[in-house]
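Per TrEMBL, the feature domain 'Luciferase-like' maps to A:14-373. Annotated FMN binding site per TrEMBL: A:ASP46, A:THR88, A:HIS138, A:TYR142, A:SER212, A:SER213, in sequence order.
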2 protein chains.
Amino acid sequence: MRPVSLHTGAWRFPGAYPDANFNFAHLKRFAQTLERGRFDAFFMADHLAVLNMPVNALKRSQTVSSFEPFTMLSALAAVTERIGLVGTASTTFDEPYHVARRFASLDHISGGRAGWNLVTTSNPDAALNFGLDEHVEHGERYRRGREFYDVVTGLWDSWADDAFVRDVESGLYVDPEKMHVLGHKGEHFSVRGPLNVPRPVQGWPVVVQAGSSEAGRQVAAETADAVFTAQSTLEAGKRFYADVKGRLDTLGRPREHLVILPATFVVVGDSLDEAREKRALLDTFVHYDSGIASLSIALGHDVSRFDPDGPLPEIPETNDSKSARQRVIDWAQAEKLTIRQLAQRIGGVSGLEMVGTPTMIADQMEQWLVEEGSDGFIVVFPYLPAGLDDFVDKVVPELQRRGIFRREYEGATLREHLGLPRPGNRFFGAERLR
Amino acid sequence: MRPVSLHTGAWRFPGAYPDANFNFAHLKRFAQTLERGRFDAFFMADHLAVLNMPVNALKRSQTVSSFEPFTMLSALAAVTERIGLVGTASTTFDEPYHVARRFASLDHISGGRAGWNLVTTSNPDAALNFGLDEHVEHGERYRRGREFYDVVTGLWDSWADDAFVRDVESGLYVDPEKMHVLGHKGEHFSVRGPLNVPRPVQGWPVVVQAGSSEAGRQVAAETADAVFTAQSTLEAGKRFYADVKGRLDTLGRPREHLVILPATFVVVGDSLDEAREKRALLDTFVHYDSGIASLSIALGHDVSRFDPDGPLPEIPETNDSKSARQRVIDWAQAEKLTIRQLAQRIGGVSGLEMVGTPTMIADQMEQWLVEEGSDGFIVVFPYLPAGLDDFVDKVVPELQRRGIFRREYEGATLREHLGLPRPGNRFFGAERLR
């Protein structure tokens with residue numbers, strides 16, 4: 001969510017709250033509903049700018065603005081008990097000390113439920129809000145991102161898990177032998193440390209990454225706990241899954257230490273026809289001006305000047321996200337869609353869609369899991385609250401009945417929800433001896 | 001608070017929670033108690049480093065670590081209704097787009113209760129965590145801070161108050177005529193804007209400043225809504241009050257548009273003797289190693305190598321906070337204290353102290369208000385929860401009885417609690433026409 005549906009027509013759907021992106025009462029209700037549905041986490045995407053789109057599209061878009069993720073997730077931490085809270089932070093436009101500190105704090109406040117969606121920020125307009133005239137080049141963003149990750153995880157390991165003894169009698173608050181001064185000096189960062197927050201409950205908050213380019217996949221295989229991806233078909237999903245898990249094999253990382261989660265846009269109906277009607281109704285709320293802007297953003301290229309009813313021409317490469325671009329191009333070619341059809345279809349979301357009855361959706365999800373297309377899903381709700389309620393009330397019980405989804409939370413932390421191990425501390429304990 | 005008492009012996013006081021700085025359940029209770037006491041705000045100081053102190057002091061200090069302020073205040077926003085939430089953010093080590101966005105988000109989530117304690121960060125160790133080898137020079141910090149403020153407030157004005165129309169029927173989410181692209185290009189910052197958050201509920205969150213140097217006072221008079229200061233005596237407080245309010249006169253700003261709030265360390269007893277005994281007991285929990293480190297930090301100079309039982313020698317000027325340094329020097333000279341006495345007394349807090357019965361404390365507070373020493377106070381609790389409970393249960397009713405403190409919240413926002421006007425938008429509405 002960002003924080004609610006990414007679909008640009010969602011706010012106009014009957015029963016939706018048009019102000020939901022900025023009404024905490026609604027967001028609290030959504031998070032509590034997800035928790036009732038035993039979801040692993042609430043995932044919040046982000047942008048560091050008002051998206052650069054034509055005024056005619058901008059004025060129709062609920063995604064023009066949203067809460068800063070940390071502020072919202074921290075507030076949600078206080079009114080939820082078990083659900084994970086995954087927020088986006090940029091390695092290109094933030095500082096490792098800040099990011100390490102915030103996620104460590106959220107992890108403590110939430111009792112081990114924090115996750116960091118590590119992004120290098122593909123939106124070039126963000127650069128203009130942070131003192132740069134041009135966006136940082138793609139490869140350079142990834143090199144900086146990799147070093148940023150090393151610094152953040154190093155800062156999380158500033159203290160042994162048992163460093164804070166707080167012995168009232170002797171007056172010893174913290175054992176200084178169990179403090180590590182990072183002293184990082186690298187190509188992009190010079191950070192002394194230590195972090196002024198004890199080691200997070202989870203050791204390290206869960207690290208989520210979304211890069212699907214060659215550089216992005218490799219960084220994910222080396223460092224991520226979870227990969228957020230967009231794959232339109234099961235075949236594409238299986239290729240991606242095999243590629244990333246294969247990279248883990250090469251690195252000697254156990255396959256189950258990284259979970260692959262494709263974004264899945266889900267529309268639930270009591271019949272297939274009803275589901276399709278809901279989807280079609282939703283699309284009527286997307287203005288062409290809005291769709292063509294979403295398409296232009298996905299392609300990193302203004303396509304509004306081409307014939308709406310013609311095919312998508314050759315689109316030049318840009319410095320933006322390569323994977324998002326290629327996905328749309330593949331999609332256009334496979335289904336022979338016109339620009340207008342692409343624009344209406346995309347409506348702010350792209351990738352995998354599941355439209356049907358609870359049984360049909362559960363069938364598809366089960367197939368993805370069994371055939372190694374994914375380890376789970378990032379469910380994108382078409383509109384809220386109804387789209388969310390439908391999923392929790394109708395699809396979740398079907399998944400539970402099949403034994404492929406939990407009936408109750410078994411662990412307390414997000415790592416436990418995802419079946420991920422708690423990282424050792426590189427400076428203290430057993431890890432140090434390796 | 002930071003987030004609990006600043007006194008380095010507080011965590012060892014009988015009944016205190018040694019882990020309170022990292023136990024959200026306790027912090028929630030404290031915030032709710034403050035709200036029951038009708039406090040204006042919960043104020044969270046901050047540091048961007050583990051304070052550079054000798055290991056012997058570090059290991060005894062609860063202030064070695066605390067939550068990142070935003071994470072904590074956002075979580076508290078979800079479990080409180082009326083109390084303001086003031087957090088620290090640094091203009092030297094953060095970006096205006098981030099800071100504008102977070103405070104705008106907190107203001108929306110809390111229904112208009114956010115406040116920004118704008119600091120330029122006097123702790124030189126913070127620089128080492130943000131890629132700098134040397135700390136930024138004092139005057140340069142203030143120039144950057146001033147421009148940072150201009151950018152943040154400009155970003156808060158990105159949208160007219162009525163820009164987000166969210167008209168479902170026509171599909172108009174936001175009126176683009178009511179969006180302003182800041183396009184700031186200055187000495188320190190280049191920020192395009194607009195902010196991707198609607199205008200805050202309060203127009204601008206309340207801006208608090210603490211600088212007491214010449215540069216700090218002038219910036220505060222020009223820009224602050226509230227000044228957090230440390231004044232040891234009523235005479236000093238009156239001089240400071242007259243100076244800052246006089247600067248407002250010169251600028252043509254109404255005096256009541258800036259409130260002056262000295263930090264006040266309060267110990268409540270049912271008798272004066274009991275209050276003094278509590279204070280003395282608290283001081284026994286401060287180790288000399290800890291006190292001498294606090295003193296060295298306040299002076300910006302290591303004084304541990306001097307004779308503990310001799311007077312404070314001449315201390316050279318540094319690049320650190322000048323006002324904190326001068327305050328301690330004045331204090332030593334006025335009371336002819338030895339270094340050991342200074343170290344024990346300071347215990348992590350310095351400035352005004354009120355130790356006595358509820359009546360005596362109310363008398364002192366009333367005198368400060370009547371004689372124009374302050375417009376209110378930042379109450380520093382000696383230990384928690386008892387020191388906080390005592391204040392709310394015993395001192396607040398006495399202040400209410402005298403008619404100098406509210407019995408119920410009259411407004412909904414922090415600005416309303418403080419009697420401050422809601423700023424107009426410099427780009428839209430009546431303000432633009434001036």
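Keep in mind that glycine also has a Cβ here, set from the backbone N, Cα and C atoms.
Annotations in TrEMBL come from automatic prediction, not curation.
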Query raised in the report: Across the record's FMN-binding residues A:ASP46, A:THR88, A:HIS138, A:TYR142, A:SER212, A:SER213, the largest CA-CA distance in angstrom?
Result: 19
**Report entry** DSSP three-state assignment (helix, strand or coil) for A:THR88 (FMN binding site)
**Finding:** strand
Query raised in the report: So how many other Cβ atoms are close to A:HIS138 (FMN binding site), meaning within 10 Å of its Cβ?
Result: 19
Query raised in the report: Non-local Cβ contacts of A:ASP46 (FMN binding site) (under 8 Å, 6 or more apart, same chain)?
Result: A:ARG2, A:SER66, A:GLU68, A:PRO69, A:GLY87, A:THR88, A:ALA89, A:SER90, A:ASN117, A:VAL119
Query - Tertiary neighbours of A:TYR142 (FMN binding site) (same chain, Cβ under 8 Å, six or more apart) - result: A:THR120, A:GLY211, A:ALA215, A:GLY216, A:VAL219
Report summary line: Taken over the domain 'Luciferase-like' (A:14-373), the predicted model's pLDDT averages 91
